[in-house]
Each structure stands twice: as C-alpha cells, then as structure tokens.
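The structure under discussion appears below in the form of structure tokens.
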Amino acid sequence: MGQTLSEPVVDKTSSEGEDDCCIYGVSAMQGWRISMEDAHAAVLDLHAKYTSPEETSTDPAKRLAFFGVYDGHGGDKVALFAGENVHKIVAKQDSFAKGDIEQALKDGFLATDRAILEDPKYEEEVSGCTAAVSVISKHKIWVANAGDSRSVLGVKGRAKPLSFDHKPQNEGEKARISAAGGFVDFGRVNGNLALSRAIGDFEFKKSPELAPEQQIVTAYPDVTVHELSDDDEFLVIACDGIWDCQSSQAVVEFVRRGIAAKQELYRICENMMDNCLASNSETGGVGCDNMTMIIIGLLNGRTKEECGDAAEFRGPGIRNQFEENPDDYDMENDRARGFSVRSGRIILLGDGTELVPDQNDEELFDQTEEDRDLPSQVQRELPDSARNEREGTPGPQSKTDATSKSEEGSSASTSESTVTPAGSSTSGAPEKSTS
C-alpha cells in the first residue's frame, strides 16, 4: 500500500462526448493517495485526429474510436506519457494503415516503450504504468491490455470480461519471468512489482539478448477481438482502484441502473468512485487507490434515450422497474459521503438508491472468488485458434493447456476528442469538476 493522506482528495475530473457510434463518460479521482498517478485518453475519431488526410475515411462505418486507462506506479511520468501518446503511436503503425488493428495495438504498445527509452527526458525514469485500451468501430471492439487495469463488456446486464489481469503468479507469466532470469516472490516480480506486464518499468527490461515480449516484464499486450451485437450495451475500462473494490458483475449492474435512470455516464463513474472510496485509510489499500473509470455506451444505431429505455426493461441486472418520473430518484448525489464515517457507509446503487450495508470495507470489497475465475472467463470467450495466434507471451493457462498448445505448435460524425492526464483539464469535451 502506498502513502496516504490524512483526508482523501475527492474532487473529480470528468468529461463526456459522443458521436453516432458511441457515447462516453469518464471520471478520475486522486482519493487517499498523496499524488495522482493515473492518466486516460478518449478520442472519438482516431483517423481524423492522427492519420494523414488520404488515410482518413469519411464513412462512419469505418470510423474508429479509442479509449485508454493508464494506472501509474512509482511516479506519474510514464502514465502521463502513455495517456498523451499511445493512441497517436498506434495510429502511426503500418499495420494500422493496413486495417490490422490487432497488430497495430501490439506494435503500438512496444513502440511506446521504445519512444520513452529514446527520449532523453526519461533517461533515468523508473516509473511504469498499466495500459487498458479499446479501439471501437461500428461492428467490432479490440481490447489490448498490459497489467491489471480491466475492460468489461456489459451484455444484457451480464459482465463479459474482455481482458484478464497480468499477475506474476499466473503460470504463463511466471514461466516467462523465470525464462528471462527473474523470479516471483510473494506474488511480485523479483519481490518488487505486483504486475507482470507494463509500459515502462525498464529495470525489468535489461536483457539485450531477449526480444521485448520475452523480458521479465513486457509491454506486449494481449488483444481480444469482439464482434458487436445488439445485445452489447456498454464497455467499462477502469484501473484496479475500481476492480479491487467491486466485481465485474457488480460494476455492470451499477452502470446499467444508472443508464436506466437516465444518468449521464460521467456521473455514474463519479458515483462508483464515491462507493469505492474507503471510509478510512486503514483498509490495507482497498478503496485507497487512485481511481479512473470510463464508460463507453455502444449506440448500435440507437439514440442515448433509446439505450436507457433498453437498459431499463430487458435482460438481467435490473432488479426493479423505474417509475416514469425521474424526480423520484436522487440523481445528483453531490453531498459528501463514505469517507467521513467508519461505519454506516452509504452505498449508492446506480439509480441513486441508497443502501447502508452491515459489512466493513474489507468484507464489502472482497472479490477473491471472482478474481480467481477471471482468466478462465476470458479464455472461454476465445477459441483456441485465436489464442494460438498470439505470439510472445501466453495468457493465463493451466499446465495442461500449456502442454497441449506446445504439442500443437510442434505438429502444425464531427470528430471530438479528449486526451487527459487524470487530474488535469480536458480538451474537446466539457470538463466537470465536482467534490
């Protein structure tokens, strides 16, 4: 657990934007930590902003949006660099121009590492960051992940993980770490870093004889490709400041309640962060971290209002019906909460309903069982052939899976954007700061 303040910083930096493909809201909060080390990016039209005019398509069906969350550790410099540059670097890859978005994301993550190494300003830099990003077209989502920030898709009220957390104790990750000359002790790389993949962290990338994806810690991402359907409602990308406190399913249900209650997406993010904020700084780090959360609503040809109506009446996840008059619900929820008391924490459901649980913070935020099952959830969403095509470092897998895979291998509209270091002002979309 990092150093904490005597009182949390609950001011939030929030923004929103939309086009005919998707609508998003994002918010970031420093919380109990002594500094803000998160960054994020939101770009509604990646082609228009960062490719040459001849490469830019005016066809809305070919428009690509980009969203990313970068959770820094050991300082904020690498996270800020990532938030400002990853999307630009991805858009400059040859594979991006050829329409191979999956390869562009892989190449772009590694190119970001190289760009930092080649910049004299970062010669002695020791910090690093996670990277959870998504590129969204009208018909498809690409999710790239390095670290333990997470991307979760809401499908008719059910959580579908599109990434898995890269932890050193995972068998596939541990195998790479050991092969590169490192070790895992107490769930940490070389007894130090709690992640097995990250941008930066160059002290773990010093083996010149090894390729970048084979280093003790690598920036090489896993990429999940998802074909969109009418059942897909929204994507949530957030740092572990959220996921350490809430399960993926709980977040999806919370977001869906807010959408059904006609709340703005950035407001749902703010309410979720208030829920996750620890009532004090003695919870062992749970609820004390920086928090950043992006919700991307997938319009699928619908208006924002139609998406709200669909969330209210179809599928699981909504546990009560809402009256037509939204004035019956507390939509703003601006008053201070949570951190001022140790017991009687007020939990806000996504529709503004208040709940006072009996559990303490540690019991309330215990997601051990879900985290244990997360790798298998992601694997179930991918055919074996898709995972076999992933070169470099394998994703989470059992020893049996690893053996069988080894045997198989031997035998065979107007553009709008915001790019925001969390905690600073935004551009291209209205900024909202609340406390």
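Placed from the backbone N, Cα and C atoms, the Cβ positions cover glycine too.
Keep in mind the model is a prediction, meaning the values are calculated, not measured.
For reference, Swiss-Prot has these:
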BINDING   Asp71, Gly72  Mn(2+) 1 binding site
BINDING   Asp71, Asp240, Asp289  Mn(2+) 2 binding site
COMPBIAS  381-392  compositional bias 'Basic and acidic residues'
COMPBIAS  409-418  compositional bias 'Low complexity'
COMPBIAS  419-435  compositional bias 'Polar residues'
DOMAIN    23-298  domain 'PPM-type phosphatase'
REGION    366-435  region 'Disordered'
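Structural mapping of features recorded in Swiss-Prot.
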{"residue": "Asp71", "record": "Mn(2+) 1 binding site", "DSSP (3 states)": "strand"}
{"residue": "Asp240", "record": "Mn(2+) 2 binding site", "DSSP (3 states)": "helix"}
{"residue": "Asp289", "record": "Mn(2+) 2 binding site", "DSSP (3 states)": "coil"}
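Model confidence over the domain 'PPM-type phosphatase' (23-298) is summarised by a mean pLDDT of 94. Residue environment of Asp289 (Mn(2+) 2 binding site) contains 27 other Cβ atoms, counted within 10 Å of its Cβ in all protein chains.
The Mn(2+) 2 site, placed at the center of the C-beta atoms of Asp71, Asp240, Asp289, has further neighbours from the same chain whose C-beta lies within 8 angstroms: Asp38, Thr130, Asp148, Ser149, Cys239, Gly241, Ile242, Trp243, Asp244, Asn290, Met291.
Figure note: comparing Cβ neighbours within 10 Å for the binding-site residues Asp71, Asp240, the maximum is reached by Asp71. With a cut-off of 8 Å between CB atoms and residues at least 6 apart in sequence, the same chain places Glu37, Asp38, Ala39, Val78, Ala79, Leu80, Ser127, Gly128, Cys129 near Gly72 (Mn(2+) 1 binding site), listed in sequence order.
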